[in-house]
Amino acid sequence: MGTLFASTLRALVREKSLFIWSLAFPILMATIFMFMFANLDGAMEFDPVPTGVVADEAWGASPFSAVAEALGERGDDQLLDVRRFADGEAAASALVDGEVMGVFSVDEDGEPVLSLAPGLQIGQTTDMDAIDRSILESVVGTYVRDADLMTSIARENPGAFADPGRLEAMFSSVDATEEVSLTHAAPKESVRFYYALFAMAALFGAQIAVVAVCWTQPNLSPLGARRALGAIGRTRTLLATLLACWLLSFCCLLIAFLYTRLVVGVDFAGREGLCVAGLGAASLLACALGTALGSLPKLDVGSKTGILTGVVCLLSLFTGLYGEPCMELADMVSREFPVLASLNPAKAICDMFYSLYYYDGLEVFAGNVALIGLFSAALFAVGALFVRRQRYASL
C-alpha cells in the first residue's frame, strides 16, 4: 500500500494541469487582491485634518494659536495637520484648491474664525468630510466656550485663579467611556475576501481527487485497468489514492497560505497554527468532493471536472468572493436563511477562518471544523456507494 501511495503521489505531481487551480489560482488571485485592496483597510482610518492657519501678527498674539499648534504636534493623537500661510489670500486659495479642509484665523477682536471649504457646506458633505468639519468646528467651539468661561470666572470670582488645581479640574474633560475590543483582532474588510478565496481554492483542490479516482476506474484509465488486475484490492487502492490526494491538496493550500501570510501580508490574528489545521480539514473536504464526483458513472474526466468547476463557482458566490454586492448577498443569505447558508461547504470553510480572526474562543471554529467533517463524511459515503456498485463485464 505504501508503494501504491508513493506511485500515485508521483503521478499526480507530474500532472501539471492539476496545479493551475490548486496552486497557481490562489497565488495569482491573492496577488491581485493585494493591489486591489491596498487602500481598503485604511479608508476608514483617521488621518489628521489638513488645516490652514493665517500666521499674521494677530494670530501670533492670540492664545488660540498655541491650541492649534498643540493639536498639530506629531504623534499618535495628532488631530490637525497644520499648514501656515502668510496672509488670508494665500490661505483662501489653498482652501478653494482643496489643499486644506478649513482655515483658522483671528479677527481684530482676537476671536478665532473658521473658514470651511466650499464642499463642506451643510448638505454637501461626504461622511469623512462631515467628520473633518465637525472636528474643526469642535476645536473652535471648545476654545470659545472655555475662553468665555475663563472671562466669566475672572469677572465674578477672581480668587478662583489662586487654586490652579481647581481650574484644571474644571476645564479637563472626563473620559466616561472605556475602549474595549469586541473581536479577537481589529476588523479589516479585506480579510473576508481572502478567506473566501481560500474556500474556493480548497474546493478546486477536489480536481486532484477527481483525476486520481478516475485513474482507479478500469473503463476510464489504462492505469485503472492494470490495477484492477493486480493483487491489491479496490478498497486499499482507493485509500492509498485518497491519502495521496489529500497530501497534495494540503501542500498546495499550505504554499498558498504561506504566500498570502508572508508576501501579501494578510493578518490571521496570530492563529496561523490553527489556520494550518483548518487547511487540513478543508483539504479533506476537497478530497471527499472529488471522490463523489470522480466516482460518478458514465462520465469522462472532462465532464466531471466541468461539473466541479460549475459547482465551486456557484458555491463561492455565497461567500462574497466576487465583490461587494456578492458579499452583501452572502450576508443577507446568512442572516435571513441561516440553515441554507450552513449547507454551503465553501461558506463553512470561509467561516472557519473568519471565526479564528474575530472570536476569542475556539467554539465557533470547532463547530465549523465539525461541519466540514460532516460534509466530508457524507461525500465520502456517496463516493463509496458509487464505487461499490461499479462492475465491469471485461477489461
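Glycine too: its Cβ is placed from the backbone N, Cα and C atoms.
Given the structure is predicted, the values throughout are model-derived calculations rather than measurements.
For 16-384, the entry in TrEMBL reads domain 'ABC-2 type transporter transmembrane'.
Long-range contacts of the transmembrane segment (18-38) within its own chain (CB-CB distance under 8 A, at least 6 residues past either end) are made by residues 12, 189-190, 193-194, 197-198, 200-201, 204-205, 207-208, 211, 248-249, 252-253, 255-256, 259-260, 264-266. The annotation transmembrane segment is assigned in TrEMBL to 18-38 (among others).
If you look up TrEMBL, you'll see 193-216 (among others) marked as transmembrane segment.
Residues annotated as transmembrane segment in TrEMBL: 237-259 (among others).
What TrEMBL records for 271-293 (among others) is transmembrane segment.
If one looks beyond the transmembrane segment (305-323) by at least 6 residues along the same chain, the residues whose Cβ comes under 8 Å of a Cβ in the stretch are 192-193, 195-197, 199-200, 203-204, 206-207, 210-211, 289-290, 293, 296, 299, 329-331, 333, 341, 344-347, 350. The transmembrane segment annotation in TrEMBL covers 305-323 (among others).
If you look up TrEMBL, you'll see 365-387 (among others) marked as transmembrane segment. Sequence-distant contacts of the transmembrane segment (365-387) (same chain, at least 6 residues past either end, Cβ-Cβ under 8 Å): 213, 234, 238, 274, 277-278, 281-282, 284-285, 287-289, 291-292, 294-297, 342, 345, 348-349, 351-352, 355-356, 359.
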